[in-house]
Amino acid sequence: MDTPILRNNFKSEEYQINMGPQHPATHGVLRLLLTIDGEIIKKVEPDLGYIHRSIEKMCERDSYQQIVHLTDRMDYLSSHINNEAVCLTVENALQLEVPERVKVIRTIIAELTRIASHTLWWGVMGMDVGALTTYFYGFRDRELINDIFEETCGARLTMNYNIPGGLMFDIHPNFVNRTKEFIAHFKTKLPEYDLLLSGNIIFQKRMQGIGILSKEDAISYGASGPVGRASGYSCDVRIHHPYSNYDNVKFNEILKTEGDTLARYQVRILEMWESLSIIEQLIDNIPEGDFFAKTNVVIKLPAGEYYQKVETARGELGVYINSTGTKNPYRMKFRSPGFSNLSLLNHIAVGGKIGDLVATMATLDLVIPDIDR
Amino acid sequence: MNITKSIHEWLFSLMPEMTASIVEMVLIAVIYLAIFAVAGLYLVLLERKVAAWFQLRLGPNRVGYLGLLQTLADALKLVSKELTITEKADKFLYNLAPYFVIISALMALSLFPFTQEFQAFDINIGIFFLIAISSIGVIGILLAGWSSNNKFAMIGAMRSGVQTISYELSVGLSLLTMVLMTGSLQLSEIIEVQKHGWLIVQGHIPAFIAFCIFLIAGTAETNRAPFDLVEAESELGAGFHTEYSGMKFAYFFLAEFINMFIIAAIAATVFFGGYLSPFGITESIPLLGIFWFLAKTLVIIFLMMWFRWTFPRLRIDQLLILEWKYLLPLNLMNLILMAMMVLLGLTIQF
């Protein structure tokens, strides 16, 4: 009875499969070269460059006012925060004191951006695990924020509301009321998110215990934002290096210790509550005053190196400017959160199934133009 | 029905017996094809409308009154599309695969008694035949995945094989539980028994458990969410039909909806009395049977759509754990429970 079947030595072979650059789960033109054994992932090799526009090089060509506009096209879901990062760097270099009013408005809009980004992430996250309805719920609430933005600065996605020294325009008279309306609306709608997806037993079973990232790995891979915080790594720039008006508001840093996909999911949901509380603290106390500080038309930074980091919806965005005293930067570098978060994908996805990879990737919340730049 | 009887007699008086029966078969096949197409198209529309209601949208509402012609327009578009075939595909199997899927769905449809007399094919092994026929469909899916020569399609096809083989057990066993009460596999007789109360009432607890299992396993059988791992668009692109276009894709698409109709129709027939009206309120008008049958089927279809638009997808190992560790043992115990009940005469009959 020594048949091959009984000896059970089927030869299994690993094979490679291209996930992307055109694939529904990669949310853009990311190409993942997967090595798979059956359904089990053996290796994930991200391949970048499909949407590389050499933004950093273009920055060397442009004036500082123009650079702000380029940063919209990096992480387009937190465009306002990207703009803010560049403006803060330039303002720090010029040692320019911006009015309080600007700081407060920037903070409010940054938090609205964060909520908008997280609602979109939530909708897409649901789609990635097969629950298509979440997408529309997420977009319903995001649309209201976009309307506020549209009224305030004319754009819905690539906002360009910041300029070095302040804001492009003052807020619209309706801004305060509409933001308050949104807060009231969203407070009733956010629990729906839990009813529809978070509480679902299938969803919880799928998310628990996959894509586990330990705190040590989170630090060594440079994870930031909700990805790092879900692993217990306290890395919120808003708390550790407060900028704009974050030192005047009270909010909690959401920390989880599990480090799995479900923890990353919960961190983002809870962050939306925190953002709401930040906006609530500020919306009634917008100080009167100018909406910009006067700068020269041609901004020349003193020679030297400048660095500023901010917390975008995805994590820590660092802006590095090396100036030689001319009107253009000599070298400009962005430290994008998505790039570091993508680099740990291979580490946490190996050993899981294809479905796990998709779920894990969804909670990393990758925006490909942010990674490629 | 008298009309069918008179057509039958008229045909046989017109030509020799052999030709007459062939003509009659062709006629019936054409009628069923028409039902098939219309049911498929309007289930697609219903699905889109239901999805829209769940998703805070309006759904198709431009083509025709309330969008009633939308899917017809879509079908026309699909017919006019080019049938592409990849270079490395196994051409014969690739072209054959959609027919397996569509024919198995069509054959299963012929078994259902829409009213007491509107039934094309009433055989004494009805339930058994249904299960056997509907499992042919998976061969088409496997062939499609294999012959496309595409890794995503292949993964989808292998998933489909694993899934259908597993869940067929639950479908079969839960129906077997009900057959214990009817004592017959013939669909018309199963309905006859239910004149003393629908089987889900007659068999109360075990029948309800069997219905739940059947609904879960049936959803899995039709490869719909939350068991749509075969297509899993966020993981595999489109799964087994990635490479199909035009009408060949439409066959797979329509077959999915017809299969859903079939699962719902089996549930309506076996658990909820098929064409029988509740409490016998319209028994005097047999033609209304078709209304009751469709109403019950549609309610169950709505349930399945509800699943699809609210639940996330399972992972492949969870799918198998659910079947082999939970549904199958529960089903076997339920079978024994039902057998005891029938033996001890604990069923409820009016």
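For all residues, glycine too, the Cβ spot is worked out from N, Cα and C.
Long-range neighbours of the transmembrane segment (B:21-43) within the same chain, counting only residues 6 or more positions beyond its ends whose Cβ lies under 8 Å from a Cβ of the stretch, are 8, 11, 15, 71-72, 75, 105-106, 109-110, 120, 254, 257-258, 260-261, 301. Residues or ranges marked as transmembrane segment by TrEMBL: B:21-43 (among others).
Same-chain neighbours of the transmembrane segment (B:92-113): 32-33, 35-36, 85, 119-123, 126, 129-130, 133-137, 139-141, 143-144, 146-148, 187-188, 191, 243-244, 248, 251-252, 254-255, 258-259, 261-262, 265, 269, 274-275, 293, counting only residues six or more beyond its ends whose CB sits under 8 Å from a CB of the stretch. Look at TrEMBL and you will find B:92-113 (among others) tagged as transmembrane segment.
Feature annotation from TrEMBL assigns transmembrane segment to B:125-146 (among others).
As annotated by TrEMBL, transmembrane segment applies to B:167-185 (among others). Note on the transmembrane segment (B:167-185): residues 124-128, 131, 135, 193, 199, 202-203, 206-207, 210-211, 213-214, 216-218, 220-221, 227, 266, 270-271, 323, 327-328, 331-332, 334-335, 338-339, 342, 347 of its chain, located 6 or more positions outside it, place their CB under 8 angstroms from a CB of the stretch.
Taken from TrEMBL, the feature transmembrane segment applies to B:197-217 (among others).
With a cut-off of 8 Å between Cβ atoms, the residues of this chain six or more beyond the transmembrane segment (B:249-273) that come close are 36-37, 39-41, 43-44, 47, 75, 78-79, 98-99, 101-102, 104-106, 108-109, 112-113, 127, 130, 134, 137, 140-141, 144, 175, 178, 187, 190-191, 194, 198-200, 207, 210-211, 214-215, 218-219, 221-224, 240-241, 292-293, 296-298, 300-301, 304. Sequence annotations record features per position, and here TrEMBL assigns transmembrane segment to B:249-273 (among others).
Annotation source TrEMBL lists transmembrane segment at B:285-307 (among others).
Annotated transmembrane segment per TrEMBL: B:328-348 (among others), in sequence order.
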Tertiary contacts of the transmembrane segment (B:328-348) (same chain, 6+ residues out, Cβ under 8 Å): 169-170, 173-174, 176-178, 180-181, 197, 201-207, 209-210, 213
Cβ contacts under 8 Å made by the transmembrane segment (B:197-217) with residues that lie 6+ beyond its boundaries: 167-168, 170-171, 173-175, 177-178, 181-182, 190, 266-267, 270-273, 276, 300, 303-304, 322-323, 327, 330-331, 334, 337-338, 341, 347-350
Positions whose Cβ lies under 8 angstroms from the transmembrane segment (B:285-307), at least six residues beyond its ends: 1, 43, 46-47, 50-51, 54, 112-118, 215, 218-219, 222, 224-226, 260-261, 263-265, 267-269, 272-278
